[in-house]
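> Right, I'll just put the structure down here and ask away after.
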């Protein structure tokens, strides 16, 4: 274990997430009981520590990715909003998501026949399986999984306008925030690649990296960027205590303009609902309802 005082993101026993670009004038902090892992992979700084409230915490490049305590609020919403917005998803693509949480949730759908997961950093997968095993909960051993260790952007470029057998019903983008190499995942070209990789009636969902308390103009611009490519684009959100302002926005798109993305297209069985902590049909729809002032900006 590393002494707390030696890590650049930790001072006086407190982890500090500070970003003057995304949330100037404020910071998110939590105490560090012990550091479980700290090193730089080929792609990013990785920090894993214990907190008495949130349990094990995964931090990439100084940004909290997930904690044992509240991870389900993000994993379930980014997964099941997209999965239930499709009437019969059989082929699913996950871009990023190395902690395994989204994979765990996708694997709960018995209708799914093939899961392709593209993660550039194998270290995140290995460390998450070691220190955060409940996130994947064995899903990396699912026989439906085809795990590819490569860049998600290039993977989509290689699909291009290929035959329908290589395309997907649902694509879930669980990428890092739009800084450095990940910035490409929030631009118009990326949405074009997503559309090319979708089957008819396909659904795409991605985390926006922001929420309406922090940067309304950014969310407005991001949604409009997606709308240039997809005829059906909506914004919704989920509540996660360890994300800045306790909230994270999601962009949901479809190449079918007639699909009401805010309404589940399949009924959830009692058995399926019993496996979930956060998502339900009511919260699916309510997640698209925004406060008046935010709705005017984001959806204008």
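Quick reminder: no glycine exception, Cβ is built from N, Cα and C everywhere.
Grabbed the feature section from Swiss-Prot, which reads as follows:
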type: ACT_SITE; residues: 174; note: active site, proton acceptor
type: BINDING; residues: 44, 99, 119, 151, 152; note: S-adenosyl 3-(methylsulfanyl)propylamine binding site
type: BINDING; residues: 177; note: spermidine binding site
type: DOMAIN; residues: 12-255; note: domain 'PABS'
type: MOD_RES; residues: 5; note: phosphoserine
> Quick one: of 99, 119, 151, 174, which of the recorded positions has the smallest count of other CB atoms within 10 A?
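Fewest other Cβ atoms within 10 Å, among the recorded positions 99, 119, 151, 174, is found for 151.
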> Please give the average pLDDT for the domain 'PABS' (12-255) in this predicted model.
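Across the domain 'PABS' (12-255), the average pLDDT comes out at 92.
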> Pairwise over 44, 99, 119, 151, 152, annotated as binding S-adenosyl 3-(methylsulfanyl)propylamine, what's the top Cα to Cα distance to the nearest Å?
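Value for the max Cα separation, rounded to a whole number: 16 Å.
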> Per DSSP, residue 152 (S-adenosyl 3-(methylsulfanyl)propylamine binding site) is which: helix, strand or coil?
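The residue in question, residue 152 (S-adenosyl 3-(methylsulfanyl)propylamine binding site), is helix (DSSP, three-state).
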> Give me the CA-CA distance between residue 152 (S-adenosyl 3-(methylsulfanyl)propylamine binding site) and residue 174 (active site, proton acceptor), in Å, as a whole number.
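Pair distance, Cα basis, whole Å: 10 Å.
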> I need the CA-to-CA distance for residue 119 (S-adenosyl 3-(methylsulfanyl)propylamine binding site) versus residue 174 (active site, proton acceptor), whole Å please.
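Approximately 10 Å lies between the Cα of residue 119 (S-adenosyl 3-(methylsulfanyl)propylamine binding site) and that of residue 174 (active site, proton acceptor).
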> Between residue 99 (S-adenosyl 3-(methylsulfanyl)propylamine binding site) and the residue listed as 'active site, proton acceptor', how far is it from one CA atom to the other, in Å?
10
> Using the alpha carbons only, what distance in Å do you get between residue 174 (active site, proton acceptor) and residue 44 (S-adenosyl 3-(methylsulfanyl)propylamine binding site) once rounded?
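With distance taken Cα to Cα, residue 44 (S-adenosyl 3-(methylsulfanyl)propylamine binding site) is 16 Å from residue 174 (active site, proton acceptor).
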> According to DSSP, which of helix, strand or coil covers residue 119 (S-adenosyl 3-(methylsulfanyl)propylamine binding site)?
coil
